[in-house]
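Taken from Swiss-Prot as is:
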BINDING   SER9, SER15, ALA16, SER17, MET95, TYR96, ASN97, PHE98, THR139, ALA140, GLY141, GLY142  FMN binding site
Amino acid sequence: MKLLHIDSSILGDASASRQLSAELVQAWRQNEDGLDVTYRDLAADAVAHFSALTLAAGSTPAELRDAALKHEVAVGEEVLEEFLAADVVVIGAPMYNFTISSQLKAWIDRIAVAGKTFRYTENGPVGLAGDKKVVIVSTAGGVHAGQPTGAAHEGYLRTVLGFFGITDIEVVRAEGLAYGEEPRTQAIAAARRQIAGQFAAA
């Protein structure tokens, strides 16, 4: 089994999403012999945002691409191939200003590729990546799950993953992390129980 582990927090070792996503992946390793893990840190090694250069790279014949266009194509292909190869994707997704980090959005823009993760038909879009399981490690300073303020965070991720055809989506959630030390401790403990319960039921 191949697992793709994505982190997107800018907080380094102080990040709850990084801590919990690492614990989730470690638990998976302990319960899945031969697990092949690919790790991508979108804060430390950011994927360039979708731009005019991206469009130019895709529309320019390979033999006519300069160094910048070749690099743009290589980055997009590498990110997409990692995603397509994975059986499981673990996404560390902290909330910043009511949505996901710009680094995570840049990654999503690179895997949203017509003919690879979705296609359009006369009856509408069809997802092409539905054979995956995705676990979103969702963290937030406030409490937003199930509310309008969370629509551009967990809601957005569910929407775009669903657009890719993915229906097996789970959320490990720790929110209210900015409400004080005790609420933070309780929220992280609850997320850890979710992680433990996921494998206890397996």
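Any Cβ shown, glycine's included, is placed from N, Cα and C.
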Would you work out the biggest C-alpha to C-alpha distance among SER9, SER15, ALA16, SER17, MET95, TYR96, ASN97, PHE98, THR139, ALA140, GLY141, GLY142, the residues that bind FMN according to the record, and give it in angstrom as a whole number?
17
Name the residue among the binding-site residues SER9, ASN97 whose Cβ has the smallest number of other Cβ atoms within 10 Å.
ASN97
Return one of helix, strand or coil for MET95 (FMN binding site), based on DSSP.
coil
